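What TrEMBL records for this protein:
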{"type": "BINDING", "residues": "Arg191, Gly192, Gly193, Lys194, Thr309, Ser522, Arg583", "note": "CoA binding site"}
{"type": "BINDING", "residues": "Gly385, Glu386, Pro387, Asp499, Arg514, Arg525", "note": "ATP binding site"}
{"type": "BINDING", "residues": "Val536, His538, Val541", "note": "Mg(2+) binding site"}
{"type": "DOMAIN", "residues": "24-81", "note": "domain 'Acetyl-coenzyme A synthetase N-terminal'"}
{"type": "DOMAIN", "residues": "83-467", "note": "domain 'AMP-dependent synthetase/ligase'"}
{"type": "DOMAIN", "residues": "530-608", "note": "domain 'AMP-binding enzyme C-terminal'"}
{"type": "MOD_RES", "residues": "Lys608", "note": "N6-acetyllysine"}
Amino acid sequence: MSEQLVFQPSAAAIARTHVTKAQYEQMYARSISDPDGFWAEQAKRLDWVKAPTIIKNTSFAYPDVSIKWFEDGVLNVSYNCLDRHLATRGDQTAIVWEGDTPGTDGKATYRELYERVCRFANVLKAHGVKKGDRVTIYMPMVIDTAVAMLACSRIGAVHSVIFGGFSPDSIAGRVADCGSKIILTADEGRRGGKTIPLKKNVDEALAKVSGVETVIVVKVTGNPVAMTEGRDVWYEDAAAQVGAECPPEPMNAEDPLFILYTSGSTGKPKGVLHTTGGYLVYGALTHQLSFDYRDGEVYWCTADVGWITGHTYIVYGPLANGATTLMFEGVPSYPDASRFWQVVEKHKVNIFHTAPTAIRALMGAGHEFADKYDMPSLRLLGTVGEPINPEAWLWYHKHIGKERCGIVDCWWQTETGGHMIAPFPGAIPTKPGSATMPFFGVQPVVLSPEGRLQEQTKAEGVLAIADSWPGQMRTVYGDHQRFIDTYFTQYKGYYFTGDGCRRDEDGYYWITGRVDDVLNVSGHRLGTAEVESALVAHPKVSEAAVVGYPHDLKGQGIYCYVTLMAGEASDDALKSELRNWVRKEIGPIATPDLIQWAPGLPKTRSGKIMRRILRKVAENDFGSLGDTSTLADPAVVDDLIANRQNR
Ligand code: WT7
């Protein structure tokens with residue numbers, strides 16, 4: 001029913017838009033028919049040391065996948081985000097910072113940010129960091145984190161930001177994978193009234209991985225932390241010893257900019273590698289057009305910089321556009337469920353961008369928390385990270401947007417660098433729950449699960465992309481074969497997204513969620529394989545299988561089937577022990593929601609776990625288990641159903 005609802009862009013949105021409906025159609029068509037011409041023009045939004053003459057050089061042809069954009073161009077990302085704005089907007093606020101504790105805030109103008117970045121870059125150089133070196137950043141939501149990222153880009157170092165919620169083990173794995181010799185961290189972070197022991201976590205990680213020579217520690221809370229002589233340095237001490245000037249390193253467009261680890265359906269998280277020119281062109285363009293950003297507006301994306309959304313839509317896209325971007329240290333529920341709206345009023349936010357999981361939680365807390373705030377500054381609302389249910393969309397539109405603000409549902413991935421499917425706010429009518437239409441240069445296709453191209457408009461299947469766009473990841477760091485295996489092998493000639501989708505009669509895309517063994521828990525991506533390997537690492541666990549199930553707030557919850565070693569007592573104490581164990585191994589986002597003791601798992605005679613059955617039982621939908629005749633022991637299923645945890 002609500003899927004039939006269509007919201008036209010408001011008169012105000014149409015009046016101010018960068019791109020009208022007719023322009024969208026005409027520019028989209030050109031971006032597909034003449035990608036070289038289209039992207040050569042778009043590249044001019046950046047300042048290049050040497051402008052590119054070769055624009056698109058890409059192939060999805062299996063097995064020789066190769067992706068290059070602007071390959072003879074030379075530029076520097078931090079120059080584009082900072083230096084080039086100084087003459088026109090040096091005194092404009094670049095970053096507004098709002099602290100976890102109400103009443104704490106700060107800001108940096110473009111000039112101040114520039115100065116802080118140059119100094120930080122000199123600290124990195126003084127500690128031996130060179131172009132191409134990997135720098136791990138494990139920091140909280142403070143301005144210095146953006147400074148650290150930009151400082152890396154200034155000298156051509158490749159950052160690998162790790163979300164502050166990840167555990168010491170997760171840090172160790174990522175540090176080892178990219179071979180970084182330096183970690184930038186803080187004493188502690190703050191979140192929801194609690195402190196997060198960042199430096200302590202780094203210390204624990206470094207007990208498990210070798211090769212890190214330097215840890216630079218930014219003072220955030222000022223609480224005492226252990227410092228290891230000869231390895232650990234306070235940032236403020238190091239900064240006092242370096243100069244203020246740091247020229248930007250000229251980088252080839254295809255030089256790496258950053259690595260960001262993300263979960264896949266198998267194995268350990270993979271290092272998604274993004275490069276310099278294509279990523280920045282795409283990030284800046286999508287930021288400007290998806291949010292119809294204009295000079296002087298205050299833009300707030302509530303993501304953490306530890307995720308791709310924070311990279312592209314808190315730091316790089318907005319700053320390349322000379323925007324004012326807000327960084328929020330806290331959480332939506334602290335001190336209470338009105339915090340977001342207080343911050344919107346306080347900083348006169350024009351564009352607000354968050355995740356469905358936060359919207360659902362705030363909806364659950366009650367609209368009274370938002371009703372107290374008129375928020376006249378708000379113009380546009382964004383949602384990203386997971387499918388948004390129409391009910392939450394409509395609540396967001398009514399209670400936050402006061403039926404005045406458009407909603408931009410952005411579908412994309414860590415791998416895509418920037419938005420892929422999202423409505424241009426002044427051009428595309430929206431439908432609650434649909435990410436709508438593709439961005440310039442993006443050619444979505446719907447395939448049947450077996451790989452047949454669905455040519456009719458109305459279609460359902462898996463979502464793939466037919467050709468490259470500038471923001472696309474280039475490889476899995478250190479493992480190009482894994483890049484090809486993961487994205488280009490199952491459906492040859494296409495980039496496979498891992499998502500299912502439906503295209504309606506108007507050509508609108510409706511993302512239905514992952515079709516692989518990747519979970520989306522509160523907008524955070526998690527491989528079932530990672531949770532399984534954490535569980536089987538526990539001495540009392542013999543075997544584990546993990547699936548997702550629908551969860552009202554989180555989108556998906558984590559459902560674990562656990563087989564214990566012979567003789568272990570299957571009691572609640574052990575369940576909470578396992579929950580804590582997984583938290584410690586991966587991080588709080590991976591905490592199991594439901595654990596079911598499974599004396600046996602449903603396996604085929606060849607020993608393969610039939611996940612389809614496990615998913616059905618976890619969804620409490622076991623009426624239609626499908627064909628179970630290939631099971632080695634069909635009685636296992638009866639036991640699973642009888643003891644199911646989600647009723
Ligand atoms: C997966 C990517 C880059 C955004 C932050 C998450 C899901 C993302 C939407 C949306 C439906 C969405 C997909 C995708 N997803 N945005 N608007 N509607 N689903 O990035 O951690 O790389 O996760 O998030 O399943 O594949 P990520």
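Placed from the backbone N, Cα and C atoms, the Cβ positions cover glycine too.
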Rounded to the nearest Å - Cα separation of Gly192 (CoA binding site) and Gly385 (ATP binding site): 21
The one of Lys194, Arg514, Arg525, His538 whose CB sees the fewest other CB atoms within 10 Å, among these binding-site residues: Lys194
Close-lying binding-site residues around ligand 1 among Arg191, Gly385, Glu386, Ser522, where CB distance stays under 6 Å: Gly385, Glu386
Other C-beta atoms that fall within 10 angstroms of the C-beta of Arg583 (CoA binding site): 17
For Gly193 (CoA binding site): intrachain residues, at least 6 apart, with Cβ closer than 8 Å: Asp100, Thr101, Tyr334, Pro335
Which listed residue (Val536, Val541) has most other Cβ within 10 Å, given these are binding-site residues: Val541
For Gly193 (CoA binding site): DSSP state (helix, strand, coil): coil
In the chain carrying Arg191 (CoA binding site), residues 6 or more apart in sequence that have Cβ under 8 angstroms from it: Asp100, Pro140, Gly164, Glu329, Gly330, Val331, Tyr334
For the Mg(2+) site built from Val536, His538, Val541, further residues of that chain with CB within 8 A of the site's CB center: Ala534, Leu535, Ala537, Pro539, Lys540, Ser542, Glu543, Ala544, Val562, Leu578, Trp581
Tally of residues which DSSP labels helix, strand or coil - the domain 'AMP-binding enzyme C-terminal' (530-608): 24 helix, 27 strand, 28 coil
Candidate nearest His538 (Mg(2+) binding site) in space, where candidates are the binding-site residues Thr309, Asp499, Ser522 and distance is Cα-Cα: Ser522
